[in-house]
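In what follows, a single structure is set out as structure tokens and then discussed.
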Amino acid sequence: MPPFVTEHNNGTSSSTTTVTVDTSNTQTSQDYPVASSSPRSAAGNKFDPSDDSLDGLLKNNHDWAKAVVQEDPEFFKHIALRQEPKILWIGCSDSRVPANQIVQLGPGEIFVHRNIANVVNHSDLNCLSVLQYAVEVLRVEHIIVCGHYNCGGVAAACGHKQYGLIDNWLRNIKDVYRLHRAELDAIEDETTRTRRLAELNTIHSAENVCHSTIVQNAWGKGQKLAVHAWAYDIEDGMAKKLDWCVRDCHAIRGIYIAN
């Protein structure tokens with residue numbers, strides 16, 4: 001999807017801890033099968049581009065549904081009654097970053113919102129509506145904002161080329177660059193600099209989640225809710241914590257605290 005798809009590079013990152021996903025408060029993927037745990041299937045080898053009718057995709061769906069029912073005949077009847085995810089995932093639209101497969105959770109276990117470069121801002125009614133529903137109705141206990149390296153949106157925001165309508169969206173990322181210009185300009189290697197911007201953009205979006213009255217009101221009512229910033233590396237399939245997690249209003253800058 002030029003110009004937003006970039007080459008794979010071998011850059012380094014300042015992020016820290018490799019993540020082991022804690023699903024102790026959710027049902028396991030053995031109970032809720034992921035649509036496909038096969039990397040090859042995730043890569044699209046079961047889709048024939050010449051199949052204009054997309055019948056092959058429907059066959060994939062039917063095969064998957066039959067396999068799920070064979071494993072658990074009551075599975076679809078159960079999830080049809082309700083969804084009880086404990087996690088809201090806010091990630092990038094990039095097809096290589098599928099939330100359920102990355103953390104090996106199945107249908108009903110993770111509520112997902114995705115957009116270009118996992119941006120959260122105060123004017124995106126789509127994202128804020130998802131956030132409100134997840135916090136107030138589903139009462140999720142964790143919000144993960146997950147960025148990724150080799151992000152075409154972040155790379156595009158680093159340059160000066162015009163792409164059209166999306167330039168208005170990329171300005172959110174450019175604002176993050178402006179706020180951290182001293183740190184980023186000091187990084188000589190372009191790949192390393194872009195990777196660091198991907199991290200800073202993710203943290204900035206996570207901060208904006210915390211600045212929302214939706215999340216602050218939940219904390220004010222004593223609701224259990226933690227906001228996390230992660231980064232996913234497409235080159236090795238590993239997610240990392242960005243050493244950033246907020247569980248209450250005390251970590252929010254004073255000007256953003258809503259009474």
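Glycine is no exception: its Cβ is also placed from the backbone N, Cα and C atoms.
Look at TrEMBL and you will find 1-52 tagged as region 'Disordered'. Among the features that TrEMBL reports, compositional bias 'Low complexity' is placed at 12-31. Annotated Zn(2+) binding site per TrEMBL: C92, D94, H148, C151, in sequence order.
For the recorded Zn(2+) site, residues C92, D94, H148, C151 set the reference point as the centre of their Cβ atoms, and the other residues of that chain within 8 Å of it by Cβ are G91, S93, R96, V97, A117, N118, G147, Y149, N150, G152, G153, V154, A198, Y232, I234. By neighbour count, meaning other C-beta atoms within 10 Å, the densest spot among the binding-site residues C92, C151 is C151.
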